[in-house]
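What TrEMBL records for this protein:
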type	residues	note
DOMAIN	3-142	domain 'Semialdehyde dehydrogenase NAD-binding'
ACT_SITE	C150	active site
Amino acid sequence: MIKVAILGASGFVGAELLRLCAAHPLFDAVRLFGDSQAGMALADVHPHLALAYPAARVERFAPDALDGIDLVFAALPHGQSQAIAADILGRGVAFVDLGADFRLDDAAAYARWYKEEHKAPDLLGRFVYGIPELHRDAIRAAKAVAAAGCYPTTTILALKPLLPLIDPDTIAVSAASGVSGAGKALKEDTHFNTVDENFTAYGLLSHRHTAEMEMELGGKVLFTPHLAPMNRGILATCTAQAKGPCDPLAALAEAYAGEPFVHVSERSPSVKWTLGSNAIHITARYDERTGRILAIAALDNLVKGAAGQMVQCANLMLGIDEDAGLSNVGVWP
Ligand SMILES: NC(=O)C1=CN([C@@H]2O[C@H](COP(=O)(O)OP(=O)(O)OC[C@H]3O[C@@H](n4cnc5c(N)ncnc54)[C@H](OP(=O)(O)O)[C@@H]3O)[C@@H](O)[C@H]2O)C=CC1
Ligand SMILES: CC(=O)N[C@@H](CCC(=O)OP(=O)(O)O)C(=O)O
C-alpha cells in the first residue's frame with residue numbers, strides 16, 4: 001500500500017480526497033492534517049466518512065509527521081504550501097498540491113493576480129501543471145504537481161483542442177460554480193440566504209483564475225465567474241472568434257478519443273451528470289452567423305476540479321493505472 005498524508009483533510013477537498021482514497025486499491029490515507037479542527041476524530045469532522053475511517057484523527061501538521069509517507073496531497077488555503085514545499089520536495093516523495101501556489105510558471109504573474117509576493121519563487125519550476133489530459137507525460141515524470149483550479153480545468157479542457165481554430169485573444173468565458181467551490185468557511189457571500197434562489201456574477205475582470213487560463217491557452221481571456229445555488233458543479237460557457245468555418249465538436253472528439261474521463265457529445269452538458277464522478281462533459285458548435293465558436297463544459301468542482309484530478313495525477317506519478325480509485329460515472333438524479 002502507498003502511505004498517503006493529506007494536508008487540509010478537514011476541508012471540503014480533504015473530505016473528497018478521503019472518500020476517493022477509501023475506494024482506491026493502493027492509497028492508504030494514514031496521516032490527516034487540519035488546523036482549527038486538529039485534535040478531533042475524523043468521524044466528528046466528516047461523519048459521512050466514519051465507517052471508512054473509524055479510528056482516524058485530524059492532527060496538527062509538523063514536518064516530521066511525513067516520515068514514512070510516500071505521497072502528500074495538500075488542499076490548503078492559497079499561500080500555505082509555499083512555506084512547506086521545500087521540505088516536502090526535499091523528501092523526494094510524490095507531492096500533489098491543489099492550492100494556487102505553484103500553478104503559475106512565473107512569480108510576477110503570481111504577484112499580479114494574487115496581490116502578494118511569492119515566497120518560494122525558485123520552486124515554481126519544480127511543479128508540473130496538473131491536467132493529465134494535456135500534460136500526461138510530464139506528470140508521469142514529475143515528483144511535484146500543481147493540480148489545476150476548478151474553473152481553469154473546465155475552461156482549458158473545453159478550449160485547448162480548439163486553439164488552432166480560433167483567435168485566442170477573443171476568448172470569453174462565463175462560468176457558474178456550486179457553493180462548495182468556496183470552501184467550508186462561513187462567509188456572508190456564501191450564506192444560505194445570500195445564495196439560495198440567487199445567481200450572481202463576481203470577480204469581474206479580476207478573478208485570479210484568468211491567469212491560469214491565459215497561461216495554458218496563450219491568449220487574452222475575459223473570464224466572468226458566477227455563484228449558483230447548488231452544492232457542487234461548474235458549467236463553463238466559452239466563446240471565441242473562429243478563424244473560419246470549422247467543426248469544433250469534431251476537433252474535441254478527436255483530441256479526447258480514448259480519454260477515460262472526457263465525454264464529448266452534441267448534447268449540451270449539465271453539471272448534475274458529473275456529481276461525484278471524475279468526468280468532464282463537453283460540447284461545441286460553430287456559429288455561422290457570428291463566426292464564433294461556442295464550447296460548453298461541465299464537471300464536479302470537488303472531483304475533476306479538485307480531489308479527483310489530484311488522484312489522477314498521483315496515479316500517473318506513481319505508475320499506477322490512471323483511473324485507479326476514480327469513477328467516470330455520476331450520481332443521478
Ligand atoms: N472547493 C473546491 O471546489 C476547490 C478548492 N480548491 C482549492 O483547494 C484548497 C482547499 O479548498 P477547500 O477544501 O474548498 O477549503 P476548505 O476551507 O474547505 O478547507 C481548508 C483546509 O485547510 C485547513 N487550513 C486552513 N487554514 C490552515 C492553515 N493556516 N494551516 C494549515 N491548514 C489550514 C483547514 O483546516 P481546519 O478546517 O481544521 O481549520 C481545512 O482542512 C484551496 O486552496 C482551494 O482554493 C481548488 C479547486 C476546487
Ligand atoms: C465558488 C467560489 O468561490 N469558487 C472559488 C474558486 C475555487 C477555488 O478553490 O479556487 P482555486 O481553484 O484557485 O483553488 C473562487 O471563485 O474563489
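For all residues, glycine too, the Cβ spot is worked out from N, Cα and C.
What you see is a predicted model, and the numbers here were worked out from it, not measured in a lab.
C150 (active site) falls within a helix when secondary structure is assigned with DSSP. Per-residue pLDDT, averaged along the domain 'Semialdehyde dehydrogenase NAD-binding' (3-142), amounts to 97 for this model.
Shown for the domain 'Semialdehyde dehydrogenase NAD-binding' (3-142): DSSP residue counts in helix, strand and coil, namely 56 helix, 29 strand, 55 coil.
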